[in-house]
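> My structure is below; once you've seen it, I'll send some questions.
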Amino acid sequence: MSAKKSPEEMKSIFQKYAAKEGDPNQLSKEELKLLIQSEFPSLLKASSTLDNLFKELDKNGDGEVSYEEFEVFFKKLSQ
């Protein structure tokens with residue numbers, strides 16, 4: 001999938017993966033991994049990349065990524 005997606009498309013992608021387990025408004029680390037593997041596979045060249053990405057995205061340190069936190073990632077990809 002191209003990183004050039006509209007904000008609406010990215011919100012839909014986020015919601016699809018966030019709904020897999022737990023809070024449907026948050027991505028767990030496993031949900032983020034599934035999203036990245038499916039939508040942006042070139043970003044996961046090493047398993048440590050996911051850990052680093054998750055730490056970077058989880059700004060409030062609650063162990064999950066909200067849409068607002070994910071949106072920052074999407075904006076970086078779109079540049």
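Every residue gets a Cβ built from N, Cα and C, even glycine.
From Swiss-Prot, here are the annotated features:
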type    : residues                          : note
BINDING : Asp58, Asn60, Asp62, Glu64, Glu69 : Ca(2+) 2 binding site
DOMAIN  : 13-48                             : domain 'EF-hand 1'
DOMAIN  : 45-79                             : domain 'EF-hand 2'
MOD_RES : Ser2                              : N-acetylserine
MOD_RES : Ser42                             : phosphoserine
MOD_RES : Ser47                             : phosphoserine
> Within the domain 'EF-hand 2' (45-79), how many residues are helix, strand or coil going by DSSP?
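So the domain 'EF-hand 2' (45-79) is made up of 23 helix, 2 strand, 10 coil.
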> For Glu64 (Ca(2+) 2 binding site) and Ser42 (phosphoserine), determine the Cα separation and express it in whole Å.
22
> Fill in the CA-CA distance, Asp62 (Ca(2+) 2 binding site) to Ser42 (phosphoserine), as an integer in Å.
26
> Fewest other CB within 10 angstroms, which one of the binding-site residues Asp58, Asp62?
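Output over binding-site residues Asp58, Asp62: least Cβ neighbours within 10 Å is Asp62.
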> Compute the mean position of the Cβ atoms of Asp58, Asn60, Asp62, Glu64, Glu69, which form the recorded Ca(2+) 2 site, and then list in sequence order the other residues of that chain whose Cβ is within 8 Å of it.
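After dropping the recorded site residues, what remains is Gln26, Leu57, Lys59, Gly61, Gly63, Val65, Ser66.
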> Using a 10 Å cut-off, grab the number of neighbouring Cβ atoms around the Cβ of Ser42 (phosphoserine), all chains included.
7
> Please report the distance from the Cα of Glu69 (Ca(2+) 2 binding site) to the Cα of Ser42 (phosphoserine), rounded to the nearest angstrom.
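So the alpha carbons of Glu69 (Ca(2+) 2 binding site) and Ser42 (phosphoserine) sit roughly 20 Å from each other.
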> Pick from Glu64, Glu69: which of these binding-site residues has the biggest number of other Cβ atoms within 10 Å of its Cβ?
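Buried the deepest by this measure is Glu64.
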> According to DSSP, does Ser42 (phosphoserine) sit in a helix, a strand, or coil?
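In the DSSP reduction, Ser42 (phosphoserine) maps to helix.
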> Return the residues near Asn60 (Ca(2+) 2 binding site) by Cβ distance under 8 Å, restricted to its own chain and a separation of at least 6 in sequence.
Ser66, Glu69
> Measuring Cα to Cα, how many Å separate Ser42 (phosphoserine) from Asp58 (Ca(2+) 2 binding site)?
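Cα-Cα, rounded: 21 Å.
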> Averaged over the whole of the domain 'EF-hand 1' (13-48), what is the pLDDT?
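Per the prediction, mean pLDDT sits at 87 for the domain 'EF-hand 1' (13-48).
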